[in-house]
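Shown below is the structure under consideration.
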Amino acid sequence: MDAAVASCLCIGLINSFSAGIGGGGFMTIRLPNGTVEVIDFRETAPAASTPLMYKHDPILAQKGGLSVAVPGEIRGLELAHQRHGRLPWQRLFKPIVKMAREGWAVGPELARRLQLVKKMIEKEPSWSQVFAPAGSALREGEWVKRKALAKTLETIGKEGADAFYTGEIAQIIVDYVQANGGILTMDDMRNYKPLVKEPVVGFYQGRKVYTTPAPTSGPVLISMLNILERYNVGKFKEDADVETHRFVEAMKFGFAQRTELGDPDFTDLGDKIINMMSKDTAASIRANISDTRTFPVDYYNPHWGSIDNHGTTHLSTVDEDDMSVALTSTVNLLFGSKLMEPKTGIILNDEMDDFSIPGRANAFGLQPSPFNYPEPGKRPLSSCVPTIVEKDGKFEMSLGGSGGSRIITAVLQTMLNVYNYNQNIMDAIENPRIHHQLMPNVVDIEEGYPTSEIQFLQDVIGHNVTTFNRLLAKAEVQAVMRETDGFIYASSDTRKHGIAAGY
């Protein structure tokens, strides 16, 4: 757990465009005795939130003070550390504080993201003093320091999470958010609580799959695995084209199911989720998958319009006692709300954009889901699926991903590559992927995918197909796995220049 907490803080510093202490997330934890739990530290809607708050201007959910939800990361990490940590809390912060204060060379991913928001970085004083100190946005290899954030992290390390939620740091955040049109209050900060939950559990090829419950997309991942399990995936080479089509159809049905998810503390989702994850439901879906054609969106019976999540980072850890953690964190869109509080150096999330906006039908005429409207204290729908797999009662794999809605399909394909195509964990992660989220009704295929399978999808089945360059890094997976030889192997997706480490 100590490694997970420290790594999460470090990633939030290095990859501040997609994660950080101004955001939140989820983690799945497996203890050495086999007990599995989930800590939900998802951001929550401020108490003054209403379902109609973005109806007239949805951009307010993406940028500025009104887009900021109550950050959950520090409370979540604190709870995880209190329950399962060994080292002192302050010690976990020290290397990150040192790096933030002394600086580091800008990596390729941060450099690329800075160029995407170059005008903002160079124009806004709170951003330019950090990321454009000489007037131009920093480029790869140039030195960046986060001195204000270093001071904030040092304070949290010494004083604990209360410093962030009830002390001067909280007041500074609240004042800044309100000055930028937001509704966050000190009561919102004080009242935030992470939740300890039971995982949702699936079974795939004799293995036990633990992942996160709603408001994440864990139940959707289980459903997709159930649909594909009886297809004998990977057993017959001559079926490769049809298999790829079946993957796409399973994704489409899964994303249709996802439109019914939301925060279970606000909507009774129990029966829906049980039905979604049942093998019988998977069998009925398979019966409606044709091996010779695909269908329009309404065939898959989505009840509501979909939410296209963004951003995120993921880390997976395991220790010598087989305690494993799969942790996904996020500030949502690129650099979150585009607000960086200058005194604390905290980049604030725009997680309110993950809620649905009433009254705005999507391009397919579907209304947004009322299960996911903003309400005080509510957690928005998430694509996160931090997952841990057991075989014969023992740890086998911890994995998860980043990339918004593509997390689900990236994790799914990594698992299929390992369990159906017998690939090692590195190859399973690095292989090209496909993605379909039902809306839009398009198969998005990473360059490098077999040409024959792409042509089959497009010319024989009739799918709408687009391709994209791997360097766009649309989704990334991080995993740790115990292979059949008993050794632990780790792999971090090179799409985002990831590197696995062991100690």
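Cβ atoms here come from the backbone N, Cα and C positions, even for glycine.
Here the structure is a predicted model, which means the values were calculated and not measured.
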From the candidates GLY393, GLY400, GLY401, GLY404, give the one listed by TrEMBL for the same L-glutamate site as ARG42, THR330, VAL331, ASN332, ASP354, SER382, SER383.
GLY404
Would you mind listing, in sequence order, the residues at least six apart from THR312 (active site, nucleophile) in the same chain with a Cβ closer than 8 Å to its Cβ?
SER18, ALA19, GLY25, THR328, SER329, THR330, SER383, CYS384, GLY401, SER402, GLY403, GLY404, ILE407
What is the number of other Cβ atoms found within 10 Å of the Cβ of SER383 (L-glutamate binding site)?
30
What kind of secondary structure is THR330 (L-glutamate binding site) part of, going by DSSP in three states?
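Going by the DSSP assignment, THR330 (L-glutamate binding site) falls within a strand, counted as strand.
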